[in-house]
């Protein structure tokens, strides 16, 4: 079985994330969306809230599961669940520069490969941080987030 991990904080999930997860589901038998919980970071949504929003959004995608990932190494999480690959979306060259050293270390530690999927052009400018900022200032982000996330941002889970 070919299992891949799509890791991230997903705070919040946006349509760029969903598009990468859906493409990964077409490439692998199973995709685990690993929701990170780094105690050094401050999140808008709890892990449980993020998981619920992701599950509501990807429920129609065959072979996709959502799991929390603790503060440990991603490579170790992959080893524990038997993942063959890590899937990362890339919005541009800066993302690759950031991701490449981590991919090399993950491969060194456990042999897990990182597969990069270029972002859909509609979402190359979208990030979770930008979504939170624009929404917080009263901007309309409905075009960029799934319905479950928009409800969460508007105060109703």
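Glycine too: its Cβ is placed from the backbone N, Cα and C atoms.
Record features, source Swiss-Prot:
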| type | residues | note |
| --- | --- | --- |
| BINDING | 9, 10, 17, 89, 90, 91, 99, 123, 124, 125, 126, 127, 128, 129 | ATP binding site |
| BINDING | 9, 41, 74, 88 | substrate binding site |
| SITE | 17 | site 'Transition state stabilizer' |
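Where Swiss-Prot records a feature, it is marked here on the structure.
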| residue | record | contacts (Cβ under 8 Å, 6+ apart) |
| --- | --- | --- |
| 9 | ATP binding site | 35, 36, 38, 41, 43, 50, 128 |
| 17 | ATP binding site | 6, 8, 10, 89 |
| 74 | substrate binding site | 5, 7, 34, 86, 102, 106 |
| 88 | substrate binding site | 6, 7, 20, 95, 99, 103, 114, 115, 116, 117 |
| 90 | ATP binding site | 96, 99, 116, 117, 118, 119 |
| 124 | ATP binding site | 16, 91, 92 |
| 126 | ATP binding site | 14, 15, 16, 91, 144 |
Quick one: give me the count of other CB atoms within 10 A of the CB of residue 99 (ATP binding site). 17
Which residue, out of the binding-site residues 41, 128, shows the minimum number of other Cβ atoms inside 10 Å of its Cβ in this structure? 41
For substrate, with binding residues 9, 41, 74, 88 per the record, max Cα distance (Å, no decimals) returned as 20
